[in-house]
Amino acid sequence: MAMSIAARSACCGVAAPRSSTVRVAAARPAVRPSLRTAGQKAAPSRGVATKAVNELAMIAGEAEFIAGTALTMVGMTLVGLAIGFVLLRVESLVEEGKI
């Protein structure tokens, strides 16, 4: 013989359950149906490709500035090397006593 919920709560000292109209967190589905599952492919994103093209165009527009800066740095390096070798030659002449 099965006891009713009211009789069971009365004999055991347990409060009667709340009305079934009250929503609780556990009653909600665990996963929203709008989320992708593992088997579905993502929709192609065009925003990233557009940003990449824009970035490439901006860099291409700065090519003259980048090339000029690179040539300046190469020139400064070569001048520094030339000065260094001249100083080495002067040092060797001083050690030999020719200067």
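Positions of Cβ are set from backbone N, Cα and C atoms, glycine also.
According to Swiss-Prot, the feature transit peptide maps to 1-60.
For 61-67, the entry in Swiss-Prot reads topological domain 'Lumenal'. In this model, the topological domain 'Lumenal' (61-67) carries an average pLDDT of 92.
What Swiss-Prot records for 68-88 is transmembrane segment.
Broken down by DSSP into helix, strand and coil, the topological domain 'Stromal' (89-99) contains 8 helix, 0 strand, 3 coil. According to Swiss-Prot, the topological domain 'Stromal' annotation covers 89-99.
For the topological domain 'Lumenal' (61-67), the number of residues in each DSSP class (helix H, G, I; strand E, B; coil) is 6 helix, 0 strand, 1 coil.
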